[in-house]
């Protein structure tokens, strides 16, 4: 019988590949998504549709509202940058403590499930400078998980936070996902989609996605609101 793993699953390119990686590693994935007041809820709609198709044993969607905290263009009326040159500075699309919050929910569910494995699709190469996508953060949270839980303190097992995409480029992630059978037409990456759910093609996330597909030599199957170089 395969081991259970909680997989943070947004419906985006990286998290969908990460879920496929969990399955390939022999885990039974329990997908965990969040409706946190983000403007790009079409991503969550993709997650709801795709989770059963990729073999998730269960798919939990947790609702809470980070708009009450604000501090991000993804949870406020602040404009999402378009067409900028991506650098190492932390952008306005950073959501304060988001991955810490997400991983905390994942840890709680994992403890209830009797699982000691959590998967997250963070990437430290082709990303927008987010502090909670770095190896140091993953290592620190893993240590916290083993200090902050009944199961960890009682020595029932050792929690591990798996980040299989951490050191891959976006092109490598896409190629790996295709090897694992991921259908990227069922994923969404855009931070600021149209009301019809079309990707803008200009935000950081769209730029990184398009760049990844171009470098992989593969046409991006996503639907865009404007002509893009695929």
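For all residues, glycine too, the Cβ spot is worked out from N, Cα and C.
Since we're looking at a predicted model, the values are computed, not measured.
Quick look at what Swiss-Prot annotates:
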| type | residues | note |
| --- | --- | --- |
| BINDING | 9, 10, 11, 12, 13, 14, 15, 16, 17, 18, 19 | ATP binding site |
| BINDING | 190, 200, 203, 206 | Zn(2+) binding site |
Next on the checklist: Please list, in sequence order, the residues in the chain of residue 13 (ATP binding site) that are at least six apart in sequence and whose C-beta is under 8 Å away from its C-beta.
Outcome noted: 170, 173, 174, 177, 184, 187, 189, 209, 212
Item to check | Distance [Cα-Cα, Å, rounded] between residue 190 (Zn(2+) binding site) and residue 19 (ATP binding site) | outcome: 19
Checklist entry - How long is the line from the C-alpha of residue 19 (ATP binding site) to the C-alpha of residue 206 (Zn(2+) binding site), rounded to the nearest angstrom? => result 21
Checklist entry - Whose Cβ lies within 8 Å of the mean position of the Cβ atoms of 9, 10, 11, 12, 13, 14, 15, 16, 17, 18, 19, the ATP site, other than those residues? => result 47, 121, 187
Checklist entry - Which of 190, 200 has the fewest nearby Cβ atoms, counting only those within 10 Å, among these binding-site residues? => result 200
Checklist entry - Do any of 200, 203, 206 (binding-site residues) have a CA within 10 A of residue 9 (ATP binding site), and if so which? => result none
Checklist entry - Quick one: what's DSSP say for residue 200 (Zn(2+) binding site), helix, strand or coil? => result coil
Checklist entry - Counting other CB atoms within 10 A of each CB, which of the binding-site residues 9, 17 comes out lowest? => result 17
Checklist outcome for this item: DSSP, reduced to three states, assigns residue 13 (ATP binding site) to helix
Next on the checklist: Give me the count of other Cβ atoms within 10 A of the Cβ belonging to residue 206 (Zn(2+) binding site).
Outcome noted: 25
Checklist entry - Among the binding-site residues listed here (200, 203, 206), which has the Cα closest to the Cα of residue 17 (ATP binding site)? => result 206
Checklist entry - How big is the Cα-to-Cα gap, in Å, between residue 15 (ATP binding site) and residue 203 (Zn(2+) binding site)? => result 18
Checklist entry - Among 19, 203, all listed as binding-site residues, which has the most CB atoms within 10 Å of its CB? => result 19
Next on the checklist: Going by Cα-Cα distance, which of the binding-site residues (200, 203, 206) sits nearest to residue 11 (ATP binding site)?
Outcome noted: 206
